[in-house]
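Enquirer: Please see the structure below; I have some questions.
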Amino acid sequence: MAEIKCVGVVGAGQMGSGIAQLAATNGLDVWIMDADRDALSRATASISSSLNRFVSKGEVGDDAMRRLRLTSNLQDLRSADIIVEAILESEDIKKKLFKDLDGIAKSSAILASNTSSISITRLASATQRPSQVIGMHFMNPPPIMKLVEIIRGADTSEETFIATKALAERFGKTTVCSQDYAGFIVNRILMPMINEAFHTLYTGVATKEDIDSGMKHGTNQPMGPLELADLIGLDVCLSIMKVLHQGLGDSKYAPCPLLVQYVDAGRLGRKRGMGVYDYRKKPVTPSPRL
């Protein structure tokens, strides 16, 4: 397996742009691919702004942007030594992408998924290189959060695992390794907690503010579970709960009806301005004259 010098990232959203930023600031050439050119423009602005903050603090050099290249053509990723997929959390969409990447990427390239819950073994089955398919789950936001969860599929080789782990450590990350079971480590534990917080709200045990305050101050968490759900995206939380429920076959993983209702209503969290909490700017009411 060749030394990793060039990284391809598919998906220019918050996760993809963050992964690309990490690779560029650690001396690697990077291709960011997204079919949506507006998404590429937003990613460029986001990465540039983030890098400027790090540069001003003296934490990174100022040459990272020169290592970034943008494309809407998947074929441009053929030079990458590893391609990290960071697209919509849908197994069907990811499997199609992996099949396409398998036909484009050089034979030595690793195909990695940033999925938070979908089976790596099933994604690998869409390719002719299952030994070179692996999960590389970054936490949000990737430049800040210290953890990368590495997931080995049924056929992931030791060589692929070692190369992926070394890359994450080059990024300055702490790594944990999970076998390929629904939810892996982090979301297997985190999402049922978030789901239970929704049940607590749904059944009227407490207000959303008291639920979050209780968990923050009672268990020393930096953010309450409902606040965290809004940050992650309620649609993502629901998707992961469905994967856990289906993959583990236990009713305790059934999504809370309130979580389902919020997603059906389009209340997806911070990214939509409304989730458990309302993030929209409210008009300022003028003070009455005395």
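Here the Cβ of each residue, glycine as well, is placed from N, Cα and C on the backbone.
For reference, TrEMBL lists these features for the protein:
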DOMAIN    7-180  domain '3-hydroxyacyl-CoA dehydrogenase NAD binding'
BINDING   GLY11, ALA12, GLY13, GLN14, MET15, GLY16, ASP34, GLU89, LYS94, SER116, ASN140, LYS271  NAD(+) binding site
BINDING   SER50, LYS57, SER116  CoA binding site
SITE      HIS137  site 'Important for catalytic activity'
DOMAIN    183-279  domain '3-hydroxyacyl-CoA dehydrogenase C-terminal'
Enquirer: Taking only same-chain residues 6+ apart in sequence, whose CB is under 8 Å from that of ASP34 (NAD(+) binding site), what do you get?
Expert: VAL10, GLY11, ALA12, GLY16, LEU40, ALA43, SER72
Enquirer: CoA site residues SER50, LYS57, SER116: biggest Cα-Cα distance, Å?
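Expert: If we measure all Cα pairs in SER50, LYS57, SER116, the largest is 31 Å.
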Enquirer: For SER50, SER116, ASN140, listed as binding-site residues, tell me which one has the smallest number of other Cβ atoms within 10 Å.
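Expert: It is ASN140 that, of the binding-site residues SER50, SER116, ASN140, has the fewest other Cβ atoms within 10 Å.
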Enquirer: Validating a neighbour-count step here. Other CB atoms within 10 A of the CB of GLY11 (NAD(+) binding site): how many?
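Expert: The answer is 24 other Cβ atoms.
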Enquirer: Please report how many Å separate the Cα atom of ASN140 (NAD(+) binding site) from that of SER116 (CoA binding site), as a whole number.
Expert: 11
Enquirer: Work out how many Å separate LYS94 (NAD(+) binding site) and SER116 (CoA binding site) at their Cα atoms, rounded off.
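Expert: One finds 12 Å between the Cα atoms of these residues.
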Enquirer: Just name the most isolated of the recorded positions LYS57, LYS94, HIS137, going by other Cβ atoms within 10 Å of its Cβ.
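Expert: Minimum Cβ neighbour count within 10 Å, taken over the recorded positions LYS57, LYS94, HIS137, occurs at LYS57.
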Enquirer: Give me the count of other Cβ atoms within 10 A of the Cβ belonging to GLY13 (NAD(+) binding site).
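Expert: For GLY13 (NAD(+) binding site), the count of other Cβ atoms within 10 Å is 17.
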Enquirer: If the NAD(+) binders are GLY11, ALA12, GLY13, GLN14, MET15, GLY16, ASP34, GLU89, LYS94, SER116, ASN140, LYS271 per the record, what's the largest distance between their Cα atoms, in Å?
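Expert: Between the outermost Cα atoms of GLY11, ALA12, GLY13, GLN14, MET15, GLY16, ASP34, GLU89, LYS94, SER116, ASN140, LYS271, the distance is 22 Å.
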